[in-house]
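These notes concern the structure reproduced below.
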Amino acid sequence: MNKVSVVVGTQWGDEGKGKIVDLLAQTADYVVRFHGGNNAGHTIVVNGKKYPLHLIPSGILHPNTKCVIANGVIIDLEVLVSEINMFVNDGVKVDGRLFISDRCHLILPYHKALDIALENARGKDKLGTTGRGIGPTYSDKVSYNGIRIYELVRWDLFVEKFTFQTEIKNEILKTFGVSEIKIKKELEKIAELRKEILPYVADTYQILKKAIDAKKNILLEGAHGVMLDIDFSPYPFSTGSNVIPGAVNTGAGIPLQKISHVIGIVKAYTSRVGGGPLPTEIFDKIANQIREVGHEYGTTTGRPRRVGWLDLEAVKFACEVSGVTEVTITKIDILSGLKKIKVCIGYELSPSVIARSKATKPALPAGRQSIKIPYSSCGYEELNKLTPVYKELPGWKEDITKVKSFKALPKNCQSYVKFIENFLGISVKLISTGPAREEYIKL
Ligand code: GDP
Ligand code: IMO
Ligand code: MG
């Protein structure tokens, strides 16, 4: 049987997907990115060396694994070239192992300028995007204004389209008071980057189809997290792509029936970068402790991440909508030393907030000020106003980074894992206990 596995972040991104993909890639023939761009920042730590990856799939350090950037990914040429060079200079063979779809859309200088200009225009309501041009590139894609690697290969077509689009975008940028993009200068820069990319351009659909026919082991590396999915997040506090495994079909051309495993990555607590609701966010001493011990600073932008307790109401939804078949828990080591650990097991909300969007006011049970509401019924207004219902679990003191079996974990840590497993109703198959490749427990 085929093994086609999808790794999906079940929270707001930065769950530790890169570490897990690198670990699982040991036995994968192909690792595939299928959506998002260099707003993703996936960290791999091998032999004490840290690799922050934004576009190259996290299987690149395994010499027998091939890496595919499939059609759903959007590409910033400068970032991709510098990432390729980082590995080449490190002695990693990339040639013959990296394949980039010519259907990928390009993130161009005006996309980044527009992303930043729109954020500035939003003022206090800014979304906190990564400023990497993600939203503007995906919106150009669906409004038929995008430019793909296909055109980059056919340089004359690229020059024509890039000139036309830059002229239009410069008019828009002018209204924001932003200086114009210099077409000639940018074309010169892109022409140089193009030469470095061309050897990797391929028909990735055919590569993956043949791999599936040959029963190869394929690992699809999701980016971001379900809570940022363009449809299932509290829009517009979203990223520009679908994050759920449905995007494997549109973003890599792999039929959904071929997917055999969906691995949901659950960080043992919550983090979020940028604006938008975060129901279990905390601001106290514990928040600072988790942020510092967990190094919760963005891999892409270096921004401090907001932190909070594990939100199982949100994670349960993410697992359901993604069809998660097994769970990996990450960063549980960061909770060592906390006396008590809270876990959100549901949301409660005053009916007056719900009633705004419903024809009839929901009935309030006698003696109650609020009623239960599932994540899926919440928009940003509800998520900002609800009260999380917490279960408090006892913590543990021991450092668990070097523990190699579930039984050797402190009893309260075991109970924490079991609580998550029972709540989600999905087996936990792997626990990550540190950033390094070898720091994990298999169940
Ligand atoms: P991704 O975007 O989901 O790949 O996650 P990031 O790489 O942005 O952020 C996760 C951070 O936690 C990185 O610095 C990882 O090296 C680190 N990390 C991953 N798993 C673990 C773990 O189990 N324990 C600890 N302490 N760090 C981890
Ligand atoms: P990985 O793959 C965390 C967030 C941004 C912002 C929102 C929109 O490393 O888990 P965008 O630049 O995508 O238009 O910004 O989405 N965001 C992420 N947050 N991890 C990520 O990826 C993210 N990708 C996007 O911070 O709030
Ligand atoms: Mg990240």
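Don't overthink the numbers, they just go from 1 along the chain as shown.
Glycine too: its Cβ is placed from the backbone N, Cα and C atoms.
Keep in mind that TrEMBL annotations are predicted by a computer and have not been checked by a curator.
Secondary structure from DSSP puts Asp14 (active site, proton acceptor) in coil. The Cβ of Asp14 (active site, proton acceptor) has Gly41, Gly225, Lys267, Ser271, Val273, Glu296, Gly298, Thr299, Arg305 as same-chain neighbours under 8 Å, each 6 or more residues away in sequence. The active site, proton acceptor annotation in TrEMBL covers Asp14.
Taking Cβ-Cβ distances under 8 Å and a sequence gap of 6 or more within the same chain, the neighbours of His42 (active site, proton donor) are Lys17, Gly18, Lys19, Val21, Pro52, Leu53, His54, Ser58, Glu221, Ala223, Thr299. What TrEMBL records for His42 is active site, proton donor.
Residues or ranges marked as GTP binding site in TrEMBL: 13-19, 41-43, Arg305, 331-333, 432-434. Summarising the environment of Lys19 (GTP binding site), the number of other Cβ atoms within 10 Å of its Cβ, over all protein chains shown, is 26.
Per TrEMBL, Mg(2+) binding site is recorded for Asp14, Gly41. Secondary structure from DSSP puts Gly41 (Mg(2+) binding site) in coil. In this view, Gly41 (Mg(2+) binding site) is surrounded by 19 other Cβ atoms within 10 Å of its Cβ, with every protein chain counted.
The IMP binding site annotation in TrEMBL covers Asp14, Glu15, Gly16, Lys17, Asn39, Ala40, Gly41, His42, Thr130, Thr239, Arg303. Annotation for Thr130 (IMP binding site): spatial neighbours Asn39, Val273, Gly274, Gly298, Thr300, Thr301, criterion Cβ-Cβ under 8 Å with sequence separation of six or more. Reduced to three states, the DSSP call for Thr130 (IMP binding site) is coil.
Feature annotation from TrEMBL assigns substrate binding site to Thr299, Thr300, Thr301, Gly302, Arg303, Pro304, Arg305. Within 10 Å of the C-beta of Thr301 (substrate binding site) we count 15 further C-beta atoms, all protein chains included.
DSSP gives Pro304 (substrate binding site) a strand state. Shown in sequence order, Gly41, Val273, Tyr297, Gly298 are the same-chain residues outside Thr299, Thr300, Thr301, Gly302, Arg303, Pro304, Arg305 whose Cβ sits within 8 Å of the Cβ centre of the substrate site. For the binding site of IMP, formed by Asp14, Glu15, Gly16, Lys17, Asn39, Ala40, Gly41, His42, Thr130, Thr239, Arg303 according to the record, the largest Cα to Cα distance is 19 Å, rounded to a whole number.
Sequence-distant neighbours of Gly16 (GTP binding site) (same chain, 6+ residues apart, CB-CB distance under 8 A): Ile265, Lys267, Thr330, Lys331, Ser432, Pro435.
Listed binding-site residues: Gly41, Thr43, Gly302. Those with a CB atom under 6 Å from ligand 1: Gly41, Thr43. Note: the CA-CA distance between Thr433 (GTP binding site) and Gly302 (substrate binding site) rounds to 23 Å.
Ile332 (GTP binding site) sits 19 Å from Pro304 (substrate binding site), counting Cα to Cα.
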